[in-house]
Amino acid sequence: GCGKLTGVSNPITIRASGSRFGSWMTDTMTPSADSRVWYMDGYYKGRRVLEFRTLNDFVSGQNFVQHLLPHPWAGTGHVVFNGSLYYNKFQSNVAVRYHFRSRSVLVQRSLPGAGYNNTFPYSWGGFSDIDFMVDENGLWAVYTSNQHAGNIVVSRVDPLTLEVLRSWDTGYPKRSAGESFMICGILYVTNSHLAGAKIYFAYYTNTSSYEYTDIPFHNQYSHISMLDYNPRERVLYTWNNGHQVIYNVTLFHVIKTDGEL
C-alpha cells in the first residue's frame, strides 16, 4: 500500500565506478525474476547504455550487453519502465521512449514549453532540466518552463504516447532543488546535492498542496547527480560522486474510515 515518506535508511554502496555524474536503475515495472541493471555514465551527449543481467553482474562488471541509443541523452533523469528507457534527447525538450528488446525508438514527443540545455537544471547543473520518474501511479516528468517562472512542474505522462496527461505547478524553484523523486503521487525535493542535504519539501498531487519537511538524508559522498525511487523494490537509487548507492525508505500508512489511503 501507499503512504507518506517518514524516513530514509543509511546509504548502501553497491559499486564505485564511472565518472562523477551518471545514472543507474532497474526496471520499475517488471516481474521480480527480471533483475537486470542499466547503467548510463555521464550526463552529456552519452549514447551508450550497459545492460547487466543481474545486480551481482553489475557489482562485478561482468555479463552485460551494450545498447547504442540513436539519439544522445541530456542529464541523468532517465528511467526504465516496462522494458523501455525514457530519457531527454540532447539539446531539446523531447522525451524519447527507447525499447530495449527491439533496440528501437518507439515514440518521441516534445514536452510543451519545458526548458532544456541547462536553462532550468537542478542545483548541480549537468543538463538536468528534465527528470523522468516512476512511482506506484505510473510515469512522471519533472521540469519547468518560463511560463512557470522556473518553479518545478510535475506532469503525469502516458508511457505509450508520451503525451502529458495533467500538470501541477509546485511553486518550488527548480534551481534551488538538489534532486527530486516521486513516491505514491508525492514529489519529494532535497534542498541540496551536497553534504548536509535533507528532504525538505513535499508536493501532494492528489490535493495540489505542499508542505516543508525535515527528513534526514545521509549524502555520504557529497555530490548527488541522480536520485530515483523504484516502486517495485521500495528503494531509492542514487548516483553519488562515482558511487552507485541505494537507500531503503519507510512509508507511513494512514487508512481513513472510507477505506481510502
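Keep in mind that glycine also has a Cβ here, set from the backbone N, Cα and C atoms.
Annotated domain 'Olfactomedin-like' per TrEMBL: 1-253, in sequence order.
For CYS2-CYS184, the entry in TrEMBL reads disulfide bond.
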Report the member of CYS2, CYS184 (the disulfide-bonded residues) whose C-beta atom has the most other C-beta atoms within 10 angstroms.
CYS184
Can you tell me the mean pLDDT for the domain 'Olfactomedin-like' (1-253)?
97
